[in-house]
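**Q** First the structure, then my questions, so here it is.
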Ligand SMILES: Nc1ncnc2c1ncn2[C@@H]1O[C@H](COP(=O)(O)OP(=O)(O)OP(=O)(O)O)[C@@H](O)[C@H]1O
Ligand SMILES: [Mg+2]
């Protein structure tokens, strides 16, 4: 074969690049990244409260249980993980062995999945000789093995149950909080940090669970634009020096503060802005990149919210978006939504549900904060109607929904 010289150049083919012209440590902007203490802004008080609740664990006592509430991007997961790590280290210095586990209940969304994930995280087969098969044993059996693991390995276990409202029932809270008193555990103590971005979760907790949890409740407030600016500035070293123009961080902060001060959104916008600049071969990140990044962040956030929703539910939301765009009117009667929904199902050749079912789906979307809902009286004689409205721009909703495979046929139109 003729040698065209490409082999020797394999590593330097200009089509590909190893070094980013924009980022040096992009991982600092990833949502999973847990920043160190110096990079955490405006959460001293919350960190202190969580630490106080965990404090008895340092000397091997029972930590207080807690539920942390707050809107999305207010640092709940971050603070819970950060303080737990520090408690573990402080305890070790006192000769106390603390085990820590974290589960996202949106993923481990059944009691069995949750307990088996916890058991797997805290186990060390070499030490306990307890096996945790991924499936095939009963929930009670997972619990039994879990208690054995805890007693064999730890003085105290601190368990973070994130997105607790996504769990089907409260049974796991009940079991974990009563384990000592019910004689399931010998010497190991358990502390629970449950996290929810729905303050209404309080009302859904059964009284028997509440009385057994005896939890403290903390509410994390949103950040202001100044705090968001600091959070981003503390991670500026994710970028190469002088790559960010001076208005990038303030503008990202202003966008992220416009609904409620959401650090997740701020960091998403900043990261996307860098990626967009990189894609366009621009040398610096500028205002226009931030504006485009904002739309992308909105679409992504909405798509995450919709993830796991059945196609039929997405169709009802799309019907609301189409009507909102066409009418320049935001609150739409459920009858009109149903007509539009039927048009869409016909156009897409998918199964059509009854009006009753569609109404239920709409209410479910409102419960999940995907849509807004309002009961509107029309005067005594005419009763009242339920109206639904979008919480995002119609275009954001359309783009997020149209990434679903079922909608591909529409994109061609
Ligand atoms: N006070 C802060 N200082 C620095 N970074 C922060 C702060 N608060 C949040 N962040 C960062 O913002 C992102 C979102 O924070 P986090 O995941 O803790 O939010 P959350 O309240 O758990 O939101 P959600 O309810 O959506 O899960 C993370 O990348 C986190 O590192
Ligand atoms: Mg979180």
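A Cβ is built for glycine as well, from the same backbone N, Cα and C atoms used for every other residue.
Because TrEMBL annotations are produced automatically, they should be read as predictions rather than curated entries.
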**Q** Quick one: which of 201, 223 does TrEMBL put in the ATP site with 74, 75, 76, 77, 78, 235?
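**A** Of 201, 223, 223 joins 74, 75, 76, 77, 78, 235 in the ATP site that TrEMBL records.
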**Q** Name the residues of the same chain, 6+ apart in sequence, whose Cβ is under 8 Å from the Cβ of residue 75 (ATP binding site)?
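**A** When sequence neighbours closer than 6 are ignored, residue 75 (ATP binding site) has 40, 43, 46, 220, 223, 263 within Cβ distance under 8 Å.
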**Q** To what whole number does the mean pLDDT across the domain 'Cdc6 C-terminal' (317-401) round?
**A** 90
**Q** For residue 76 (ATP binding site), just count the other CB atoms lying within 10 A of its CB, please.
**A** 26
**Q** I'd like to know which of the binding-site residues listed (77, 78, 223, 235) lie near ligand 1, counting only a CB under 6 Å away.
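**A** Going through 77, 78, 223, 235 in sequence order, those close to ligand 1 turn out to be 77, 78.
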**Q** Where ligand 2 binds, which of the binding-site residues 76, 77, 78, 223, 235 are close by, with Cβ under 6 Å?
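**A** Those binding-site residues that pass the cut-off, since their Cβ is under 6 Å from ligand 2, are 76, 77.
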